[in-house]
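Here the structure comes first, spelled out in C-alpha cells, and everything after it is commentary.
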Amino acid sequence: MGIELTVQYMVSVFSRQSYFNIDPNATQASGNCGSQVSNLLLNFQGGFVNLTFTKDENSYYISEVGAYLTVSNPEKIYQGMKSAVMFETEVGHSFKCVSEQSVQLSAHLQLKTMNVQLQAFDFEDDHFGNVDECSSDYTIVLPVIGAIVLSLCAVGLIVYGIRLRRESSGYQRI
C-alpha cells in the first residue's frame, strides 16, 4: 500500500500544504493479531501510522486510524486519529482499492492511501482471499467505458448516414 501524510499549516495569512510519502523500504511493520481486533503499526523515521481492524460476525473493517508525524524546519508535531468504519469487506476476503482514499485525522493532518490490498483476518496459507474492490475504483472505470460505447455509437451512426446518402444519389433501381 502507498501512504502519504499531508500537513496543512499557516504561513502568515496563507494556507500551505506539505506532503510526506512513507517509504515502504524504510518502514518497520509490527502489531498484534486477535480474534476480534487486530492492529497494524507502521513505524518510519519521524512518526508512525496505526490501523485498528475490527471483526464483526460477517465482515471486518478498519475501525480506527491514527498517525503521528514530526516535521523539521520548523520543528513541529502533528497527530490525529479517526474512528469510523473504513475499507469494510467480507470475512475471509481481502479489500483492494487502487484509487486514492483520504482520511482527515485532524484539522492539520490528512492520510492518503493508494494501491491498497488488506486482509486482517482468516488467511489461508499466507495468501489474500477473494478480492472485494472499493466502489471508487469503479467510478473511474465506468465513465471511460461509457465514453467508448458512446464513441462507437456515434461512428456507427455516421457510417449509416453516409451509406444512406450514397444509395439515394445517382440512378435508382427499377
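Even glycines carry a Cβ here, placed using N, Cα and C.
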Second cysteine of the disulfide that TrEMBL assigns to CYS134, among CYS97, CYS153: CYS97
Fewest other C-beta atoms within 10 angstroms, as judged across CYS97, CYS134, which are the disulfide-bonded residues: CYS134
Helix, strand and coil totals (DSSP H, G, I; E, B; other) for the domain 'Lysosome-associated membrane glycoprotein 2-like luminal' (1-124): 3 helix, 86 strand, 35 coil
